[in-house]
Every structure is written in C-alpha cells, then in structure tokens.
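According to TrEMBL, the domain 'CzcB-like barrel-sandwich hybrid' annotation covers 52-215. As annotated by TrEMBL, domain 'CusB-like beta-barrel' applies to 238-307. Taken from TrEMBL, the feature domain 'Multidrug resistance protein MdtA-like C-terminal permuted SH3' applies to 313-370. The region 'Disordered' annotation in TrEMBL covers 372-402.
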Amino acid sequence: MVLILTVVGCRSDARGSDANAAETASATVAPAKRGSIARKLNLAGQFQPYQVIDVHAKVSGYIRHIYVDIGDRVRQGQTLAVLEVPELDAQLRGTGAELARSKDEITRAEHEVVRVQSEHNALHSDFKRLKQASAAQPGLIAEQELDDAQSKDLAAEARVDAAKSALAAAQQQSESAKADNERVGDLADYTKVTAPLDGVIVYRYADTGALIQAGTSSDTQSLPIVKLSQSSLLRLRLPVPEDAVEYIHEGATVTVNVDAIHRSFEGKVVRFTRDLNLATRTMETEIDVDNKDLSLTPGEYANTTIELERHDNVLTIPVQAVIRNGNQQSVLVVDAAHHVQTRNIVTGLQGSNLIEVNSGLAEGDLVITGNQSNYQPGESVTTNLQQSTASDTTEEQSGGTK
C-alpha cells in the first residue's frame, strides 16, 4: 500500500513539471545593434547622345570629296568633305591680283616720296644759302633770284606732300584689297567642311557630286552633309518622383546598370529642372555617363540606382519587430529576467529589413520579431536569437518609405 502511494506521488510531480514547462512560451528575438541604412531609388532610362548635330556647309558648291561614312569616329577639326566652288576660286584669284597690284602701287609711291623729298632737300638748301647770303650782304643777291628760289622750294615741298598723300592712299587701297582677299580666302576655307566636335557619324545625307546649298540662312532649305553624334558622353533623362525630389542634388553619384551588355557604369547628376511635371508628379533629372570607349550605344536602356539617403552607425532593429498603433510605435523587449516589456520607440529611416531607432531602445536590447499578439507584458519567455544583418538598403521604383 505504501509502495502504491509512492508511485502515484511520483506521477503527480511529473505532471506538474510538464505543466510549468508548457506555461513558459518561446519567443524569437533580435538584438538592437549599430548598422547602416540606405534608401535608394531605381529608375529606368534610355541613353541619348550628349549632342546631335546636322553638319551644313557654309558656302554653296558641289561636293568634290567626302571622306566619312556612318559609324566613323571623327575628331574636332577633322575634314569631312571638300566642296568645289568655281565662282569662289575666280574671286580668290581676282582679289589676290588686286592685292598684288596695290602692293606694287605702294612701292611706286614710296619711291616717288623718296625722289621728291630729295629734290625738295636740294632746293630748300639752295634757298637757305641764297637767303643767308642776302642777309649777310644786302644787294648781293637779286630780289628776283631769291623769290624764284623760294618758289621752287615751296613747289618741291608741295610735291612731297602730294607724294605722301598718294602713298597713304595706296596703303589704304592695299589694306582694303587685303581685307577683300582675306574675306574670300575665309570663304574658300569653308569649302573644307570640318567636324565641329568629337563624335560618330550616324547619317550621311550627300554623296560626291551633290550640289549643297550654304546652311547659313534660315530662308535656305539646305541639305546637311552628315549627322554627327557626340557619343563619348551620354545622358540619361530620368523622371524623379515627387517625394524623392528633395534628395536630388548636382554631383550625386549614380549607379547605371546596362543589362544588354551586362555591365555597370558610374554616372553623375548634372542638372535637373527644379520643376514638377503636374501630369506625372515627377521632375526631369539628367545623368551624364562617360562613354569614351563607345561601349554604350545611344538608345540602349539602363537601370539606374540613386542613393537618396544614408544613415551610418545608427541603432537598428528588424522592421517586423515594430508594432504600429496609429502614430505610436512600440516593441516588445525581453529583459534580463526573461520577462516581456512594452517600450515606446521613435523610428527613423526604414530599409527593406531594418529600421532606424532614434529613441526608446539601447544597443543590445532584445526585441521580439514576430507574433507579438501572443505575448503579454510581464510574461516569462525563453528566447530564440534571430540573426540580422548590420546594414540594409531599401530600393524603390517610385516614391519612398521613411
């Protein structure tokens, strides 16, 4: 009888022990720890050349030679085509001949100045000598002889002035002829059509022998010779959503992924409109991407990633640990005695998995990360530690979470 009672007592104690174990719930927790959180915006765009230019001739004429075709890379100043302009050649010969004639006229005028100046010097010396002799010995020189010498001196002086005036006129005429010759020469230089910038020929409009009109007047329906694309620098125009506009600034680095060639590039924000499109609620933003090796092709699609915000060395917890009740946010904390506590917190930047905690928690605090409705404040729990990353990024197609 005693033996039976002893056995029953042992079974009763075992059932009590199992009940106590069942009453202690298990909770998955994660520690609050320091890390980095970034918010990034993903946008798709299409590459465009930095500039596209139709290259026109500055003078009208026939194409004598064209040296480029589509796909050719050209340098600024490189000759693309040469025109034949017979009228211009004739003008250049005419102005050249006139310039040479005017130079000859200057030479003749200079010689004439030297000749009449020499005559004047001699006649002036004769007049001075006679005048001095007459002054030294009155009556020695006849008055008529003295008057004739003075007249010859004055006439020679007038001839010098006239020769100098003729020289000045010849010089002025030569300057005019030189200007005409340079003007026509400049026009003749325009028969060489050169590249205004480094780029790639993307279209050729004309062939050898074609008549090209000068493209210097808006009234002339001139045919371009080639279309030139500046592709060594490409641009992306991206529609940045309204809620991300405040984070866009010039010089920001952008990651550009091109799926077509499986490569990534670095771009920079260079300009934005500072104005919202009211229909789409977006702001057009331009990204420049270096393409000196021409590995990228205008028209290709690219996926860009712009970092809008980044907070480093901040206290973070898993997003799923946060309990939201209207504007109030809280978490369930498991203290050192394994009891559940409710803590109100203030959060900051949110990533995909982590959220920044500005106040309410200390580093190392354990927060329950799921099924929070199963736990009550003061309840005793056992913990299961959840591993979490030290950094997190949220990437958005449009808009943002904060």
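Each Cβ is built from the backbone N, Cα and C atoms, and glycine gets one as well.
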The domain 'Multidrug resistance protein MdtA-like C-terminal permuted SH3' (313-370) resolves under DSSP into 3 helix, 37 strand, 18 coil
The mean pLDDT across the domain 'CusB-like beta-barrel' (238-307) is 94
Residue counts for the domain 'CusB-like beta-barrel' (238-307) under DSSP, helix then strand then coil, are 6 helix, 37 strand, 27 coil
